[in-house]
Amino acid sequence: MDEYYDDDENYDYEDSNGSKKGYAHFHIYIGIIYMAYCFTLMLLQTLIFLTFYKNRKTFQKNMPFKIIFNLGIYSFLQQLSHFISGIFLILNLSPQLWYGYMLSSLLQSSYITSIAFVLLLTINRFDVFFNIRLFKPTCRLKFFNTSIISCHILFGLLYIFYLLPSFRIYFSSEAFCWQFEGEGIEVSIAFEVQNRTVISLLTISVLFYIITFIKIIHMRYVSSKNGKANIKFSDFKILLQALFNFISIVLLELCWDLFASVIFVLNNGYSISDLIYVLISGNNTILTFVMSSDIRIKAFRLLCKKKDNYNNKININHVPVRMRFKSIQVGDLSKSKKFPA
């Protein structure tokens, strides 16, 4: 997490912005941007959740979708935390109170846990693609279900860890970012837990994706008749998703670790790394919607309130009486019973 601007006396915001009023306006602008972006993401993630709920019988049988659903939960928690930080900016609040610590711990633990779910989703795709037979189907199901539970346990442990006084985080409106409250070795330990865990999980995930991509290219080459690999855009989609996550998150971690007090900082105290942190909260939501055609199509149907064919059948109770008699065939009249005059 950002460690710069711990001492506000080192910076005269009135001089850097020309006036305190301009600095206050900048706070409001950034807060509105955070709130608007995160609110849009939360709406999109809610639409994805509704899509899962409406098609739960289908999606519950599919392990990748189960992992994506759990991943979406932690993406939503990150977006909610950044949305509230936008409110803090607008109101110029730096709450070093119990609710501020709970919110920051929620954000930090959700951020790390989401990376764990990304790795689990990568392993699942790798397993399906290579059709690995190390385990029986029942054991494979237990493995992924146990892994999902383990990720939730990891979230709980991280949440408690970042609530400890030595490792607590709070949102600083003066620095526009989430900061560690402690000093010295405690901050280093808390940051290393985040940094090393995230980088390690992402690196393993990308390696799995690269192996899968190489396998796809090899299969294209073998199956081609002219001896050339017929590569399609769909082949790159699986790699693009991994690289997008990897590059953006590694860039963020490098900004926090190496460039926090060197570059990426504007004259008014705002750091570009803070913006990257907010943008990254929407990675998995956007990628899920863009890359998964099954979820996207069903979400559009839900959004547009499209109905299946059986719901479009005409209800005879709503058909006018004249139309009912016109639809009766002559043969049916001859077979009908005669009524007295």
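From the backbone N, Cα and C atoms, a Cβ is placed for every residue, glycine too.
What TrEMBL lists as domain '7TM GPCR serpentine receptor class x (Srx)' is 47-249.
If you look up TrEMBL, you'll see 26-50 (among others) marked as transmembrane segment.
If you look up TrEMBL, you'll see 71-91 (among others) marked as transmembrane segment.
Marked as transmembrane segment by TrEMBL: 97-122 (among others).
Among residues of the same chain six or more beyond the transmembrane segment (143-164), those with a C-beta under 8 A of the stretch's C-beta atoms are 63, 66-67, 70, 74, 101-102, 104-106, 108-110, 112-113, 116-117, 120, 123-124, 135, 190, 193. What TrEMBL records for 143-164 (among others) is transmembrane segment.
Counting residues 6+ beyond its ends, the transmembrane segment (198-217) has Cβ neighbours under 8 Å at 111-112, 115-116, 118-119, 122-123, 125-126, 129-130, 229, 231, 235-236, 238-239, 241-243, 245-246, 249-250, 253 in the same chain. The transmembrane segment annotation in TrEMBL covers 198-217 (among others).
For 238-264 (among others), the entry in TrEMBL reads transmembrane segment.
Annotated transmembrane segment per TrEMBL: 276-297 (among others), in sequence order.
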Please indicate, using numbers and ranges, the residues of the same chain that are 6 or more beyond the transmembrane segment (97-122) and have a C-beta under 8 Å from a C-beta there.
-> 1, 64, 67-68, 70-71, 74-75, 77-78, 81-82, 84, 144, 147-148, 151-152, 154-156, 158-159, 161-163, 168-171, 178, 194, 197-198, 201-202, 204-205, 208-209, 242, 245, 249, 281, 284
Could you pull out which residues elsewhere in the chain have a CB under 8 Å from any CB of the transmembrane segment (71-91), counting only those six or more residues past its ends?
-> 27-28, 30-35, 37-39, 41-42, 45-46, 48-49, 103-104, 106-107, 110-111, 113-114, 117-118, 121, 155, 171, 173, 176, 178, 277-278, 281-285, 288
Arithmetic mean of per-residue pLDDT over the domain '7TM GPCR serpentine receptor class x (Srx)' (47-249) = 84
